[in-house]
Each structure stands twice: as C-alpha cells, then as structure tokens.
C-alpha cells in the first residue's frame, strides 16, 4: 500500500508518551511560555528532541526527555501539549488513543499530581471535541523514583478515574527496577479498580515479562525480550495478554538489535494479540503511518492484519465496554472498502 492509503486507514494506539510526542510548533509555543530559548532553525531544534537512530541503550534514549521536562510545568502547557498529541493522531486517522504521562515530571514548580492530570485531561477533551477522536489518559509512575512518591500520586489522581483517566503504568529504568520491586504497589493500585499496563521486556529480560504476567497484567509494553522464548510466548497467549509493540523505538534503543530480533512475526504467527504503536512520536521521529509503512516493508503486513491488530488494540483498551463496541463498529466500517479490494 502507498503512504496515502496507509494514512487513511483507521487506527488505534495504546502506547504513546505525551512528553515524547510533541510537535516542533508546540515545543516552540511551550518554550515561549516557559521563557526557555530554543534554536530558531527547525533542524537544530529537532536534533535536541529526537533520539539518534541508534542509541547505546534505553537510558541514552531517555536522556532526550530532559529538554522537554521544564516546558511542561504549568496547566496551560500541559493542556496545550495534550491537545497537540491528540491532533497529530487524529490527522492520521487514529480513532482511539491512550496517552501516557508521569505527573511527577511536571511537579517541579509546585503543581500537584491532581492538577497535572486535570490539565492533561482538559487538552484531551479539547482534541476529542475538535477532531472526533476518542482520547484517554494513563498515569505513569517512574520506576527509579521512590515508591512512596508513586503511591501518593496514584492515590491522589483517582478522582479522575473514568473521567478520562483509564489506567496506570510504570515507565523509566526497567533494568534496575524490575516488576518484583514494584509488585506490592501494583497490587495495591490494582485494588482501586483501574487496570495496569507495564513496560516489560524492553531491557532484554524475559523474566520481567513472566513477572508482569504473574501480576495479572493483561497489557505489556514492548515485550521485545519475548523473541525466541517459546515457553514464554505460550504463557503470554494462555494468559490472554496483549502486546504494545513499538518497532522504531526498539531498534533505536537496541531492545531489538536487528529487525530479525523484533518479536512481531513470532507473536503474529503464534496468534498472540498485539497492537502497533509509536511510543514517542517526536523522540523516535515517527507516527503510526510511518510505523505501518515499516511493517509492510519488513513483515509484509496486510490490510487484514492491520484490521486485526487494531481490533486487538481496541479490545485491550482501557475504555468502557460500550465505547469499545462503538469503536470496533467504526473500525470495521472504515476497513470495508479496503478489505474488499
């Protein structure tokens, strides 16, 4: 399929980080609001906010976020940022998106976690009204931070549960802060009633995927380390887990050292549930259309495959059953003319 046709396909995205997905125009607006100087030249600015095609590691990739952090410290900035990412998604026919962010990273200048979430939800709502997309929020704890900080944030933001906030996650340094370290807090938070997704297996540790599944988590981000792990793949499928795959990002961070090391084909051939995601639109210089192009190029993914993956994404999404039903109907209708071809 040509790029224009891939762009027209209806899409769902489950794994998109707010601070890693801001457009250059919005970064300029945010910098002006924060009174931070940025390069006038777009290519120079892009270099500051985009990770190299090949990073030494995940931690090298994550350094790129340091530039954005000071720009997301006010309600106005957070609302603008959330609206921007929803707009970008809608313009490439994403009908459903879950945008994740860590309130802790926007609390440097006095905002509370509740205020951060409120501001982000306001931006999501503006984008939904303007573009006809459904956009929800996932709150992340940072793995490398004190568990008490994350515990307090998770408890405080519960007032937004099912008012746009639909789930929780842990992001950051997976290698040194595995699921075992987070397990008690994850169990506590699950008891509140909102589901968890979790970055797992991005650092080359299959046992972290095992631990996440054993915590009852039904969606896992990346799962790159499941490659060539036959027993783990069987466990993944038996537990009805959905993978949030991030191809470009995984190649950058060396989670997958080569295309052949990326687990998509093994997951697909085994019948595992999966979704295709950007991870970070700006940091990885990508969007869903570009990701779809890469899947066609490297894996010969078909329109029928994309429909199936998007159906998996919506079914595994954290929105309400009624909204899932409406989104699935919208998705199926959007693909009818392409499938007939």
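Each residue, glycine too, has its Cβ placed from N, Cα and C.
According to Swiss-Prot, the protein carries these features:
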| type | residues | note |
| --- | --- | --- |
| BINDING | 15, 17, 199, 279 | Zn(2+) binding site |
| BINDING | 17, 19, 172 | substrate binding site |
| ACT_SITE | 202 | active site, proton donor |
| SITE | 222 | site 'Important for catalytic activity' |
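Structure with Swiss-Prot features highlighted.
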| residue | record | DSSP (3 states) |
| --- | --- | --- |
| 15 | Zn(2+) binding site | strand |
| 172 | substrate binding site | coil |
| 199 | Zn(2+) binding site | strand |
| 222 | site 'Important for catalytic activity' | strand |
| 279 | Zn(2+) binding site | strand |
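Cα of residue 172 (substrate binding site) to Cα of residue 199 (Zn(2+) binding site): a distance of 8 Å. The Zn(2+) site, placed at the center of the C-beta atoms of 15, 17, 199, 279, has further neighbours from the same chain whose C-beta lies within 8 angstroms: 16, 20, 100, 171, 221, 222, 244, 246, 249, 277, 280. Comparing residue 279 (Zn(2+) binding site) with residue 19 (substrate binding site), their Cα atoms are 10 Å apart once rounded. Cβ neighbour count within 10 Å across all protein chains ranks 279 highest among the binding-site residues 19, 279.
Close to the recorded substrate site, the chain also has 18, 20, 62, 65, 100, 101, 102, 105, 140, 171, 280: residues not among 17, 19, 172 whose Cβ is within 8 Å of the site's Cβ mean position.
The Cα of residue 202 (active site, proton donor) lies closest to that of 222, out of the recorded positions 15, 17, 19, 222.
Taking the C-alpha positions, the distance from residue 199 (Zn(2+) binding site) to residue 222 (site 'Important for catalytic activity') comes to 6 Å.
If you take the Cα of residue 19 (substrate binding site) and the Cα of residue 222 (site 'Important for catalytic activity'), they are about 18 angstrom apart, rounded to a whole number.
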